[in-house]
Each structure stands twice: as C-alpha cells, then as structure tokens.
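Some features that Swiss-Prot has for this protein:
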- C88-C165: disulfide bond (DISULFID)
- N3: N-linked glycosylation site (CARBOHYD)
- 1-21: topological domain 'Extracellular' (TOPO_DOM)
- 43-49: topological domain 'Cytoplasmic' (TOPO_DOM)
- 71-89: topological domain 'Extracellular' (TOPO_DOM)
- 111-130: topological domain 'Cytoplasmic' (TOPO_DOM)
- 152-182: topological domain 'Extracellular' (TOPO_DOM)
- 204-220: topological domain 'Cytoplasmic' (TOPO_DOM)
- 242-261: topological domain 'Extracellular' (TOPO_DOM)
- 282-346: topological domain 'Cytoplasmic' (TOPO_DOM)
- 22-42: transmembrane segment (TRANSMEM)
- 50-70: transmembrane segment (TRANSMEM)
- 90-110: transmembrane segment (TRANSMEM)
- 131-151: transmembrane segment (TRANSMEM)
- 183-203: transmembrane segment (TRANSMEM)
- 221-241: transmembrane segment (TRANSMEM)
- 262-281: transmembrane segment (TRANSMEM)
Amino acid sequence: MYNGSCCRIEGDTISQVMPPLLIVAFVLGALGNGVALCGFCFHMKTWKPSTVYLFNLAVADFLLMICLPFRTDYYLRRRHWAFGDIPCRVGLFTLAMNRAGSIVFLTVVAADRYFKVVHPHHAVNTISTRVAAGIVCTLWALVILGTVYLLLENHLCVQETAVSCESFIMESANGWHDIMFQLEFFMPLGIILFCSFKIVWSLRRRQQLARQARMKKATRFIMVVAIVFITCYLPSVSARLYFLWTVPSSACDPSVHGALHITLSFTYMNSMLDPLVYYFSSPSFPKFYNKLKICSLKPKQPGHSKTQRPEEMPISNLGRRSCISVANSFQSQSDGQWDPHIVEWH
C-alpha cells in the first residue's frame, strides 16, 4: 500500500450512481452472454472461423461480468476496497484484459465480415477452424501482454476513511495505462469504421432485387457492431482525454472525476450489448432464443402418468412435449442452420 495523494472527494454522487449501473450491466450481461455460451456449447455442431471469433467474444464478455460484483461492492462501500492488495490487482487486471479482449474480438468479427462481403474470394475466407483457433490464442496472448502490468503494480491508496483500488490516477497522466486505454479504442475504431464503410459501399454497388434482403441484413449487422463499439467506449475515452488535456487544473476535480467513473461503466455495458451482435449475426440465433422463451413459458403440471396417450394428456403436457420436440429438432438442424454469417455469399 502507499499513502500517495489519491483523490478522495467527499459528498460526491459516484458511489450512488455506479452501483445501479453496474448491477444492471451485470444482470443483463451475464444473462445474455450466458445464453449465448449455452447456444455455442450445446447447439453448435459445426464450427467455423467466425463461430470461433464470436465464441471468444462471448467468453471475454462473460468473464468481465464476473468481476462486476466486486466493483459494485467497492462503490457500495463508498469506494473502499475491503479485499486487500492481491485481489485488487487481479480484479483490475481481469477487467482490463477482458475489456481489451472484447474490443479485439469485436474488431475481428467486423474484419471477418469485411473479407466475406468485400473480398469473397480472398484466401482469408478459406482458413480452417484450427487456424482460427491459433489466431484467437495469439490475440489472447497479446491482450494479456498488454494488460499484465496491472498485476505488477500496487493500486491501493490508503486514506483516512477508506482504501481505494483504482487503475487510473486522477492527479496526473497514467503512463502505459493511458496509452493502452487510447490505443485499444482508436485503432479498432479505425478498423471498424473502415470495414463498415467498405461493406455498405460494396453492397450498394452490387444491389440487385434478389439481393436486397441480404444487403439489409449485412448492413444492419455491421452497423450494430459500429454503434455498440462507439456508444460504449467513446464517452470514457473522451473523458480521459479531457482530463489529460486539462491536467493539472482538472486534478481531483469532482466533475471530471465523476465523469470518468460513470463513462467507464459504459465500457462494461459493451458486454451487456454484445448479445445484440450475436442476435444479428445469424437468423438461427433469434429462433433459438424464441424457442427457449416458448418452452420456458409453458406451464408445468406434475402428477400425470408417463404412459398417457396423447388424446388423454392435458394441453399443458402436450405443450411440454412439443417444446421438447422443438428443442430436439433445433439441435438436429444446427449443423446447417446456425451459421454465424448473416449472408451466404456464392
């Protein structure tokens, strides 16, 4: 621990605003990504490179969600960290690693769609699932190398009434952490915007009556990727850039401090919104979700014999039996139907 001049702003509203935001992000993000992971693990028989990228995006988002209860507890205690030095380092590292991983794989998904739409005959489109898995492992290694410094530094700051655990220093620039924070936004932003523009432009040039529906689906998908990315990451990057531009006059400024904390919560909401990417990635994903919803809404009435004939069974039992048959039919069709590509390019 160190006793540096950490910012401690009394009477601020951060501790009141952050817990509800993080709780909402945790509940919706864990639910959405949990359902997505179940779909990948139990209803996906044929894996393709794009499937591998989307699966790792869901893994990064789900792991980030696991960290949010600890940050919620931190804010509920008025920014007092009660778990010690090592858990603080591990928590901040896990948050940064999975946030960066989510950005990387969201960018890879956009780039993968770019090659399939704009350059359908490029060699990138013929790589095997094993090669895609190797690419994923390399990307995870780079992400870990870029964030491992958070494990090597002490982030606790002891004050009179609390012990803070923050990855950002609000008194001055933060060196490598600020560099990584900016790079992991602006580089992917350039790639995603480029891919979005080229996909939309290419599809509009090739627009034909028979392809209009596919064009709309592909355009909608890439626009969802771009909107989710910009909405979740631009506010926090802008807040940090404003601080760096105005420091030292903005050091420990309550409004600047509060803006950074609140906009950082938007980056966690990226993991809550990424299920929209899965939803628009394939027509089979909405079908999977709807079938789960239908089966969960069917009432259960125990106590009926298993040997009942269909004409003697209550409607609710017939509904349950139909749900089981629907689920089995979905699983048997998943080989060919749950393709994570929106469009089939010939």
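Note: Cβ is positioned from N, Cα and C throughout, glycine not excepted.
It should be emphasised that the depicted structure is a prediction, and the values quoted were computed from it without experimental measurement.
Helix first, then strand, then coil: DSSP counts for the topological domain 'Extracellular' (242-261) stand at 13 helix, 0 strand, 7 coil.
Nonlocal intrachain contacts for the transmembrane segment (262-281), taken as residues 6+ away from its ends with a CB within less than 8 angstroms of a stretch CB, comprise 14, 17-18, 21-22, 24-25, 28-29, 32-33, 35-36, 39, 50, 54, 57-58, 60-62, 64-65, 68, 98-99, 102-103, 106, 109, 217, 220-221, 224-225, 228-229, 231-233, 235-236, 238-239, 289, 340-342. Close to C88 (disulfide bond) in the fold, though at least 6 residues off in sequence, lie W81, H155, L156, C165, each with a CB less than 8 Å from its CB. Residues 47-53, 191, 194-195, 198-199, 202-203, 218, 221-222, 225, 341-343, 345 of the same chain sit 6 or more residues outside the topological domain 'Cytoplasmic' (111-130) yet have a Cβ under 8 Å from a Cβ within it. Packing against the transmembrane segment (50-70) from elsewhere in the chain are residues 22, 25-26, 29-30, 33-34, 36-37, 40, 44, 83, 87, 91, 94-95, 98-99, 101-102, 105-106, 108-109, 112-113, 116, 129, 132-133, 136, 139-140, 268, 270-271, 274, 277-278, 281, 340-341: each is 6 or more residues past its ends and has a CB under 8 Å from a CB in it. Using DSSP to sort the residues of the topological domain 'Cytoplasmic' (111-130) gives these counts of helix, strand and coil: 14 helix, 0 strand, 6 coil. As a summary of secondary structure, the topological domain 'Extracellular' (71-89) carries 11 helix, 0 strand, 8 coil according to DSSP. Just so you know, the Cβ of C165 (disulfide bond) picks up 24 other Cβ atoms within 10 Å once every protein chain is counted.
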